[in-house]
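The next block holds one structure in the form of structure tokens; read it before the comments.
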């Protein structure tokens with residue numbers, strides 16, 4: 001942050017991450033409005049940050065994310081677990097697996113069942129299509145071909161083994177008619193040159209920012225402390241934000257920017273509730289404990305945190321079939337770089353995962369095969385038919401267990417319909433201090449059963465792979481096939497997928513067991529001029545990776561905001577015989 005921005009803007013967007021970049025791009029398409037984006041991270045754009053595998057390397061000194069630690073997890077052997085978030089323009093889309101998965105229609109039909117009108121799958125499909133430019137499914141009527149955000153299909157003995165237990169290979173996970181139990185290659189957000197397609201590069205690239213610089217300002221290195229709330233006769237209104245510079249040169253200085261129309265929090269599932277609580281919007285008891293003046297008692301703020309928790313079940317492979325191949329010798333690394341530079345292929349062209357398997361464990365028979373007798377079970381527009389387990393197939397070790405001279409292959413057994421919930425709470429009133437985050441893993445006992453089933457099926461599939469003659473040795477597996485041992489294995493080894501959602505969840509009620517933070521237009525209950533637009537508004541976590549659904553939310557949010565102010569601009573004020581078109 002180099003200078004104090006102009007004091008007043010039509011829209012202030014807090015967070016220039018995955019969603020903030022999209023929202024800023026869409027709102028600034030109108031040159032008659034002014035938009036300010038405040039992003040805590042910096043503008044970093046180098047060649048290596050666009051290479052899918054290198055940019056997803058959490059151990060790199062150039063990693064564009066930050067790592068926070070959870071509070072000790074009672075049901076994970078009291079371990080503190082790392083949590084990763086992007087802190088750079090483009091946010092998580094700069095560092096994640098770059099996987100483009102929309103989720104099942106039933107995910108969004110469930111949202112609508114919870115009272116969120118306009119958030120069913122048929123309402124949302126156009127917003128998925130709007131942003132997308134598929135490079136490998138041009139004939140599909142469900143896929144976008146004209147949007148700015150490119151994706152293509154990733155370029156396997158596992159599929160045969162899955163087929164033998166009744167899990168069908170499909171061509172497109174994002175087809176709304178895909179079955180509940182399926183496996184296949186994923187779409188990844190990379191372009192035809194195999195460069196990562198983050199929302200920064202796609203929606204808010206430097207050239208666009210320069211073209212719109214007279215009405216769009218992107219301010220990096222800015223940490224927002226709180227939203228300024230004013231009381232008026234019409235109620236509480238958000239009128240601006242206080243923020244500080246991350247640059248030590250400006251330490252102690254606080255800046256203020258005012259919003260004419262809307263302030264939109266796009267700071268992510270872990271930070272948007274943090275800002276709301278610092279602003280006096282949150283659980284009353286907690287705010288009193290922190291010495292914060294209460295504006296509204298909102299118990300759902302920072303509550304109901306959900307995440308996809310994962311359980312690595314790992315096997316040894318020939319080193320040439322693993323990401324360890326890249327590190328096996330300097331010559332191999334050089335060869336892979338040449339393949340990537342000259343042809344856009346090879347290990348570097350994907351982050352770390354390129355195929356997945358989804359299935360509902362309720363369809364698993366005792367012999368660990370899928371029951372396909374009733375085709376109605378495969379209709380994923382029905383919320384109850386959604387899968388609850390995903391296997392992320394990763395040709396690498398995920399938890400630091402390696403066999404010398406061999407590669408590793410992980411079945412990341414992932415619970416994608418968890419019942420457990422956690423919380424985000426203030427650890428300090430200093431906005432620079434990370435919040436206290438309790439992931440709440442396995443607090444709902446019913447989460448154990450699908451994880452057990454997923455582990456058992458992974459072991460069954462691995463045995464089938466070995467029977468095909470493939471070198472697939474046990475590397476990190478349970479010691480016995482009992483519920484007690486598998487549960488112990490789960491608690492000892494579970495990790496986060498970094499798919500955090502639902503801490504500012506959407507819905508109509510503000511108190512009680514079904515309390516919500518924002519309404520179906522993403523407006524914060526009881527506060528005018530304040531919205532939340534990120535994965536924190538998900539009423540429930542979805543059964544897929546969260547990047548594409550998050551971009552969809554940003555597209556819909558932009559459309560709703562533009563629609564609202566377009567209608568206001570068209571208001572007709574009649575005075576005598578004169579008709580005046582008024583603009584706010």
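Each residue, glycine too, has its Cβ placed from N, Cα and C.
Unlike curated entries, TrEMBL annotations are predicted automatically.
Taken verbatim from TrEMBL:
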| type | residues | note |
| --- | --- | --- |
| ACT_SITE | 499 | active site, proton donor |
| ACT_SITE | 545 | active site, proton acceptor |
| BINDING | 88, 224 | FAD binding site |
Which of 499, 545, all active-site residues, has a Cβ with the fewest other Cβ atoms inside 10 Å: 499
Minimum Cα separation from residue 545 (active site, proton acceptor), reported as the residue among recorded positions 88, 224, 499 that achieves it: 499
Distant-in-sequence Cβ neighbours of residue 224 (FAD binding site), under 8 Å, six or more positions away: 14, 38, 40, 241, 242, 243, 267, 275, 431
Under 8 Å by Cβ from residue 88 (FAD binding site), counting only residues of that chain that are 6 or more apart: 17, 39, 41, 42, 43, 44, 64, 65, 94, 95, 200
Helix, strand or coil at the residue listed as 'active site, proton acceptor' [DSSP, three-state]: coil
